[in-house]
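Encoded as structure tokens, the structure appears first; notes follow it.
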Amino acid sequence: MGVAPGSKAERKAALDAGAWMFNVVTSVGIIMVNKALMATHGFSFATTLTGLHFLTTTLMTSVMKWLGYIQPSYLPLPELVKFVFFANLSIVGMNVSLMWNSVGFYQIAKLCIIPVLCFLEILFDKVRYSRDTKLSIMLVLVGVAVCTVTDVSVNSQGLIAAIIAVWSTALQQHYVHHLQRKYSLGSFNLLGHTAPAQAVSLLIFGPFVDLWLTDKRVDTFDYTMVVTFFIVLSCIIAVGTNLSQFICIGRFTAVSFQVLGHMKTILVLTLGFFFFGKEGLNFHVALGMTIAVIGMIWYGNASSKPGGKERQVYIPISEKTQKHGILSSQSELDLKV
């Protein structure tokens, strides 16, 4: 019997690593495709494109439901409306923040998501962090700031956009974890509820938001074969990105997802230097990358130790085992499918 816990822990570690790699590959892939689409081919309609991403995701979840892979589940309408509001505000807020702010300030704003998520977890989930966990998070933030933040200029409208973007993103990611736990929803189930609502709302309002941001109309754009190919490719990869975000937040927490997310920043930088030449790679970028990676390894160790990050909830033992059973079987289902 002594072997079972070890093999179970190994299986969990393997599935965690798989979920994380799935997220990294799809996220880095979509960044590269969207870069080609927007920078090279001038398709700058980010909000409408996100609407198309969710439309494709809706088609995928509909097929999965039809094939019987996704079981019927329940999510109350007020919860869905709240989630879609935060999620869409996060998408528009990030796009506006990038447009109104310097790249440096935009990066700093993105780094602020972690402290806000920690605050939400302490406030709503009664989570307590050990000193090592707090320090490791700070080290990650310092490292990423050193290698990504260059010019930092702030203006009042950009600051307001950044604050809205940071809070709505943090609330959306915290909400993913909250809804999965509260309603025992798997990643596919939750996407099945949220993707159609986000697709409809973003495809209705997206073209107007993009017109306001870019002064260009999405319907008058010159759609060449290459642009259409990149849009379709972006939509296909986005299904994986959306799904992997929900799987990762469900398996870890929103804070861990963000900390690991900065690993993608480092990876994108490294791939950029690898594929697009060494310009921009200097001592302080290399130093920042090193600090961030050390911080991430430290965070992984510190947060997984007993007391590193624990939720203070007192549940009767019978209820505890029951809940644990639902969650573990649900998270296994996420990766089996």
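The backbone N, Cα and C atoms fix where each Cβ goes, glycine too.
Here is what TrEMBL records for this protein:
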| type | residues | note |
| --- | --- | --- |
| DOMAIN | 26-299 | domain 'Sugar phosphate transporter' |
| TRANSMEM | 17-37 | transmembrane segment |
| TRANSMEM | 43-68 | transmembrane segment |
| TRANSMEM | 80-98 | transmembrane segment |
| TRANSMEM | 135-152 | transmembrane segment |
| TRANSMEM | 158-176 | transmembrane segment |
| TRANSMEM | 188-209 | transmembrane segment |
| TRANSMEM | 221-240 | transmembrane segment |
| TRANSMEM | 252-275 | transmembrane segment |
| TRANSMEM | 281-301 | transmembrane segment |
(message) Using Cβ distances below 8 Å and needing 3 or more such pairs, separated by at least 6 in sequence, tell me whether the transmembrane segment (17-37) contacts the transmembrane segment (188-209).
(response) no
(request) Could you check if the transmembrane segment (80-98) is in contact with the transmembrane segment (158-176), meaning 3+ Cβ pairs under 8 Å among residue pairs at least 6 apart in sequence? (result) yes
(request) Run the contact check on the transmembrane segment (43-68) against the transmembrane segment (252-275): 3 or more C-beta pairs under 8 Å, excluding pairs closer than 6 in sequence. (result) no
(request) Sort out the residues at least 6 away from either end of the transmembrane segment (188-209), same chain, that have Cβ-Cβ distances under 8 Å to it, and list them. (result) 45, 47-48, 50-52, 54-55, 57-58, 61-62, 64-65, 69-71, 73, 75, 80-81, 83-84, 87-88, 91-92, 95, 176, 179-180, 217-219, 242-243, 246, 333-334, 337
(message) For the transmembrane segment (221-240), give me same-chain residues lying six or more residues beyond its boundaries with a C-beta closer than 8 angstroms to one of its C-beta atoms, as numbers and ranges.
(response) 22, 25-26, 29-30, 33-34, 36-37, 41, 43, 45, 49-50, 52-57, 60
(message) Checking distant contacts: for the transmembrane segment (158-176), what same-chain residues at least six beyond its ends satisfy Cβ-Cβ under 8 A?
(response) 82-83, 86-87, 89-90, 93-94, 96-97, 100-101, 105-106, 109-110, 112-113, 116-117, 120-121, 124, 190, 245-246, 249-250, 254, 257-258
(message) Which sequence-distant residues neighbour the transmembrane segment (252-275)? Criterion: at least 6 residues beyond either end, Cβ under 8 Å.
(response) 16, 20, 23-24, 27-28, 31-32, 111, 113-114, 117-118, 120-121, 137, 140, 144, 147-148, 170, 173-174, 176-177, 245, 281, 285, 289, 292-293, 296, 299, 303, 309
